[in-house]
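J.: Before we start, here is the structure in question, set down as structure tokens.
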Ligand SMILES: Cc1cc2nc3c(=O)[nH]c(=O)nc-3n(C[C@H](O)[C@H](O)[C@H](O)COP(=O)(O)OP(=O)(O)OC[C@H]3O[C@@H](n4cnc5c(N)ncnc54)[C@H](O)[C@@H]3O)c2cc1C
Ligand SMILES: Cc1cc2nc3c(=O)[nH]c(=O)nc-3n(C[C@H](O)[C@H](O)[C@H](O)COP(=O)(O)OP(=O)(O)OC[C@H]3O[C@@H](n4cnc5c(N)ncnc54)[C@H](O)[C@@H]3O)c2cc1C
């Protein structure tokens, strides 16, 4: 052993001295310095612009985490067992509350700060924010928004983690189809209680975050039954485990879902009820109530409407997922872009230095559009969340314009889906762009992939969710067609007012220069949406007219792939571009506008490129323009390449939070990786099972077993 | 606890009884019976056709594994620590050797059987086959093909695992650019030894499979230095760890790479040499040798050629990766298709039963093309591996036609890339198509994703590798252009003989019926390849002519994205379709041809659909045809949907090997999942850290820390 460690010391020493000299060939400042020198702006200037009023706050919050040994390593990197990872998560949750980064007063003044905290914690460990958010955010909001005075008393205990609550809607057999949930809450007049019951194991509440081992309370959605009348789903505040010994109450079967693809420090669980009695006051009764005598009282005539209104305050979940995805996107790109600029492979000819792989067109084309997307999504997210909070604000002082609610719903649904998809693809591409080293856990791309993955599923499966946006768009189109005004308080569907002009228009693009003009880009993006909607309408109609058996449901489903789904995506991408454009125009730091404009053009053209076939269907663009579009995407990738390191510098978390040897800002990828690997405990350990490698295997000693099966198989032939 | 388990028993009982009755609504035979009844063929008939001469062999091999308790659970599912997972892997490796599924005589007669065994083991656990293959396959083959008589003595010890060997080419700083490896082997005339040395930590051999803890030998590639002449990379057989105590030899620093995104029971490692002496006989000297006196003797005048010839026998690695990817693809689709047919969500109207999600057009479009790809790739793989082995066979009796070598190289390079990409996307889509339940580790899609992932990287990064195919195609095109014959012993580029006719042609498609004709499909696929090659040629030329500074290297790189890369993919897809077509035409079971033809059309049209823009660039297809193409893809998805369950039945491994509750062949997704989750150890365990959830957190008790940073940040502003 001593011998080995001597050698290691020798090599590690070499690693340290070599890294900063020969290999990189770069000037002082490390392997990334040359790219940083090429960029048109200072990353810190960009960061200040992007973070805006939260610039100092984020800085201080990062500094706080960095001085705390508990935050030295993200949970997923500790290689802990699931059990220990959860233990660590509890410690982290408690610590975050101890810091109290935001006070109630802060939140009151600027609710967006909650998202800032959540995203910042996510950049450290993806499952930490949801873990806190599920109880202190979602669960608490249920009490506030669905409950009444009597439910508010729990809030202080939630804030101090004495009560940990969860949100139990999904069942084993039902997720997307919310209306089909089977759990019942039958009112018992005599005892003035509800009897919660799972009529079958299929009704077991499933997937509930924090329920596996942590939560002691849940908001459970169950069908409210009085006598023989089923009033549909209602929310109930349900004690699950005792406060004294954390064991489930009688009548409650609660358990853990076990290992997931990611987010394993967050415990998802299931619960079934066996005639479990809870007091009448457990009903979260803001919108509907049951009198002690068992009379049902509701502002809504229709159970579906009531349910919709009940869930409405939770729409913030989708907005916040855009932020979580974006946070993951930033980390992934910080890693892959820096590595691509530092990793050299192949040289044009002998005796010429190798090129950083970011210099290859293919690598640029694989990564740069995501860098653009990262910036475009960020400005969209700031805009969307701003409107989300002001909508919540207005809701306090009176009813909100239903048109605004509908538009926000459409935007957050498609926004969540599109942000999730882009991030999914960017992470996978990043992993592949880092070659072999991308497959090492320590470099963090795997964790990002696994932890980001459920963003596509929870808070609504993306492919189901985006249909809400399609519905909104079809309604908007119908308004246009029937001469009614387009209702668009946020302006996202205002372009439909020019529907017929758009549909008949052609793209006015003659040179690459035209392709950089936001108005020209938006024209194409709006045309694409309008065209797809028109086609969707035509298709829907032709299916409906094709036979008597066809109902709206199946006509709708048969119009999904190329029309409704495509239109909703196109719509959202157009909104992203429009908002990015608006942000750039009002960007106070004029020197940043140049690079931001390139990112806008790259993002828009990249998304249009995938739909050239659609744009050509009705000759909106010519073949020549299509070629120009493709060439311009490549040209922009090449330009953005020189800005890319600074662009990711401006959005990356600090090195000790990003925690990726090949993604560190110093670009010393080999030194960092080498030192990380060689100092990992166990690195030089002799396999404890080494002796079991001997004696030599008796080759074929069990062959008789196989032979007998072979005989049987052949004779049965 | 007793109370809890009573409830569980109650619920589990319900689960068992309920599952086979009410919920599914299906007739006896479970939730999948109705789809099975709709299909046009018997899965077992299909399996017999697909497995061909290996049908009985595979049956017997599965039966053998199933009776063995060691194979009760795939390693990745055991939730073992990395240490224990590797221990388990050693046991499994030894056991496989004990069964000796193939004898030397079997292999001699039909070498393909090695791939059958490897794929079958992969269906059980993805990292098991590589683990065995790296030593018993790749390492052994290095000795056989690169070494001479004196190296063969190790073979028996390799076969019994006494010697475990690995393949060490990649270094920390170099992977794809093989020529830049830095490890040196300097010949010392006086002692007649080579001195292996890592001149810098950057030269550390990295990523080497089995080297982390298992291997005692390695084939190391190092630059052979005699005097001051560098003869380039040569392979050496190098002892790494002693046979007696499994400790590294002095001068050898060997360690473990730690956790990877997947394949964690396989230990990847690194090794650096410090003036480590090995005997002259260690050089694997088939193609080049050093005499005792230090004279260098080689059949090759050029180091690069020599290196190419040295590695040539290993091209089988890429062929076998096609098989590994295909195996993963089959498992993923078995899970997602069965689940989609069993999972019901939403109904057209109240009181109507919910629809299986496979009935939704979107779900069909997301999954069915991959089902088609799975069959298309399978026939391509059988064809490719057949030719691979006959090429190896001919190599024994004399030199092989260089044109054949070149064509095989192009096919296996692009084949590996395309199979890897399709499988990557199919697994991710499968995970998403299973909604929330797809995110449970027990359902196995995560393991498949993580374990399949490196197929994109090792044996050549896909995006680098496929450039080999581009080169081959450009050479073929040049031959055509200069009036030379197209050299294509396997016929894959024979279509280039009609290059100019193809380029000028139009697609003869008037109706959906035309789109089902293989000749029509192949016409489009060949046109696409030819067109992209032509464009690539034009582009290359125009770049070369554009300025004096431009070298071939950078012209090549600037022609990647839309041309060279795209052409290589298009070429390979055309080969897949051509081989699938040939297979169908000679399929002995005539009743299967119908469904196979649909799969062929779906695969081909789906791949063309993504390139409609390209096909329209020069008006090969009209806008009308483009629309028809898109509609036909959807129509075929709808048709294949009714065959899909049987199609995956025919390729899925047995349930106990697939090991996915929602993917089991009985389709009892809820019962299986419920029982798996509730019987997982720890499911009902109270969190060991529950007491740490109390006392209530002192909210804000550490706020002062944050405040101080906040103050600092704001004042520095
Ligand atoms: C990590 C994680 C945490 C979660 N946390 C919670 C929680 O705290 N509380 C809670 O209540 N739930 C939670 N969930 C559950 C989650 O909300 C659901 O999984 C989600 O809503 C998706 O529903 P599903 O699983 O039923 O998907 P399904 O609807 O079954 O989807 C399966 C497939 O069918 C497709 N599909 C379904 N309907 C249609 C249609 N009409 N048209 C086209 N395609 C269709 C989908 O696109 C998908 O491909 C969590 C899930 C996960 C993975
Ligand atoms: C699980 C695993 C097991 C392995 N096992 C072994 C083993 O047993 N023995 C062994 O010797 N090695 C092994 N390897 C190493 C493996 O062979 C290399 O990782 C692989 O060849 C890729 O090379 P790289 O990592 O250098 O990628 P790089 O070449 O560094 O690629 C990084 C990025 O640059 C891009 N790029 C590079 N060059 C170009 C170009 N010219 N044009 C366009 N783009 C370019 C790539 O596409 C990629 O996106 C293993 C790797 C893994 C992940």
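Each residue's number is its place along the chain shown, starting with 1.
Each residue, glycine too, has its Cβ placed from N, Cα and C.
TrEMBL labels come from automatic prediction, so no person has curated them.
Straight out of TrEMBL:
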- B:459: active site, proton acceptor (ACT_SITE)
- B:170, B:209: FAD binding site (BINDING)
- B:166-274: domain 'Acyl-CoA oxidase/dehydrogenase middle' (DOMAIN)
- B:316-474: domain 'Acyl-CoA oxidase C-alpha1' (DOMAIN)
- B:518-697: domain 'Acyl-CoA oxidase C-terminal' (DOMAIN)
J.: Do you know offhand how many angstrom separate residue B:459 (active site, proton acceptor) and residue B:209 (FAD binding site) by C-alpha?
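T.: Per the Cα atoms, residue B:459 (active site, proton acceptor) and residue B:209 (FAD binding site) stand 12 Å apart.
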J.: What are the sequence-distant neighbours of residue B:170 (FAD binding site), meaning same chain, six or more residues apart, C-beta distance under 8 angstroms?
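T.: Expected: B:205, B:206, B:207, B:208.
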J.: Near the Cβ of the residue listed as 'active site, proton acceptor', how many other Cβ atoms are there if near means within 10 Å?
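T.: Cβ-Cβ neighbours of the residue listed as 'active site, proton acceptor' within 10 Å number 22.
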J.: If you count Cβ atoms within 10 Å of the Cβ of residue B:209 (FAD binding site), leaving out that atom itself, what do you get?
T.: 26
J.: Per DSSP, what is the helix/strand/coil residue tally across the domain 'Acyl-CoA oxidase/dehydrogenase middle' (B:166-274)?
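T.: In the domain 'Acyl-CoA oxidase/dehydrogenase middle' (B:166-274), the DSSP-based counts are 6 helix, 55 strand, 48 coil.
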J.: Using a Cβ-Cβ cut-off below 8 Å, which of the recorded positions B:170, B:209, B:459 are near chain A?
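T.: Listed in sequence order, the recorded positions near chain A are B:170.
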J.: For the domain 'Acyl-CoA oxidase C-terminal' (B:518-697), what's the model's average pLDDT?
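T.: Averaged over the domain 'Acyl-CoA oxidase C-terminal' (B:518-697), per-residue pLDDT gives 96.
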